[in-house]
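Q: Below are the features I grabbed from Swiss-Prot:
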type	residues	note
ACT_SITE	LYS106	active site, schiff-base intermediate with DXP
BINDING	GLY167, ALA193, GLY194, ASN215, SER216	1-deoxy-D-xylulose 5-phosphate binding site
Amino acid sequence: MSNVRSDKPFTLAGRTFQSRLLVGTGKYRDMEETRLAIEASGAEIVTVAVRRTNLGQNPGEPNLLDVLPPDRYTILPNTAGCYDAVEAVRTCRLARELLDGHNLVKLEVLADQKTLFPNVIETLKAAEVLVKDGFDVMVYTSDDPIIARQLAEAGCIAVMPLAGLIGTGLGICNPYNLQIILEESKVPVLVDAGVGTASDATIAMEMGCEAVLMNSAIAHAQQPVLMAEAMKHAIVAGRMAYLAGRMPKKLYASASSPLDGLIK
C-alpha cells in the first residue's frame, strides 16, 4: 500500500534519539524536582536558558549540569531572554565555550516581554550568522509558513513553530498554518510553546510533527513528575496514531457489524 507510513529515526545534527519529547528546565520548584520530572519524561534532549542558568559560568553556585549530566542528556542551550540578533549570537557563542565546543543550539529572539512572540526579522538575521559560524540551529519561530521556509533555506536544521504563546497552555491555536509548514518543510518540524496538557502533545504528533518541546506544561502541573510521565506516553501515542493513519471522518453513521445474516 503506497499510503502506509513507516517510522524513521528522529535525527538531529547527525545524532539519533529514541524520545521525541524535548523538555525545558525552568519554572520548577528546585533542582531535585527538575531532575525527577525530566527522568520521568524519558527525554534525551534538555534545553537550558544560558542567560538564566548556571552551566559553570558562576563558580560556587548550584550548577544544573550536576543534576543533568551531559553524558546522559544532550544539552540544548537556548537564547531565551534575547531581543535582538546580536544578543542571540553572543549567547550561543558563550554556550559553545561553556559546553566545550557544543554546536547544537536553540535560537529564539523575542519581540516583547508581554507576548514573547518571536521577532522573525531578528531571528532570521541571527540564524544566518550562526549557520555561517558552524552552529546546528534549531529555531523557534511563528507559525508563518513563509518564515519557516526562509529559516530552513538559511540552513537551520529544524524549525520550531509555536503552537500558542509561551507559557499559555492554549494548545495548537492555528492547526492550519502548522499543517502547511509540515507539508512544505524539508527539515524536521517540532512544536515549541503553547502545549498545556497531554492531548495537545498527542495532536501535534498526530499531525506529523517530528517531536514536541515543552516546559510550562510539565513544570506548572499540579504534579509535575506525573505530568512528565503522561507527556512521555502522549508523544508515543501520537506518533503511533500518525503512522497508523486515522479513519476518515464521515457525516453519517456506519454500522460496525454487517447487516446480512441478521437473526429474524
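Each Cβ is built from the backbone N, Cα and C atoms, and glycine gets one as well.
Note that the coordinates shown come from a computational prediction; the quantities given were computed from them, not determined experimentally.
Where in this structure would I find these features, and how exposed are they?
A: The Cβ of LYS106 (active site, schiff-base intermediate with DXP) has 27 other Cβ atoms within 10 Å, all protein chains considered.
Neighbour density for GLY167 (1-deoxy-D-xylulose 5-phosphate binding site): within 10 A of its CB lie 17 other CB atoms from the protein chains shown.
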Q: Where does LYS106 (active site, schiff-base intermediate with DXP) sit in DSSP terms: helix, strand, or coil?
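A: The residue in question, LYS106 (active site, schiff-base intermediate with DXP), is strand (DSSP, three-state).
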Q: Reduce the DSSP letter at GLY167 (1-deoxy-D-xylulose 5-phosphate binding site) to three states and note it down.
A: coil
Q: Among GLY167, ALA193, GLY194, ASN215, SER216, which the record lists as binding 1-deoxy-D-xylulose 5-phosphate, how far apart in Å are the two most distant Cα atoms?
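A: The widest Cα-Cα gap among those binding residues is 9 Å.
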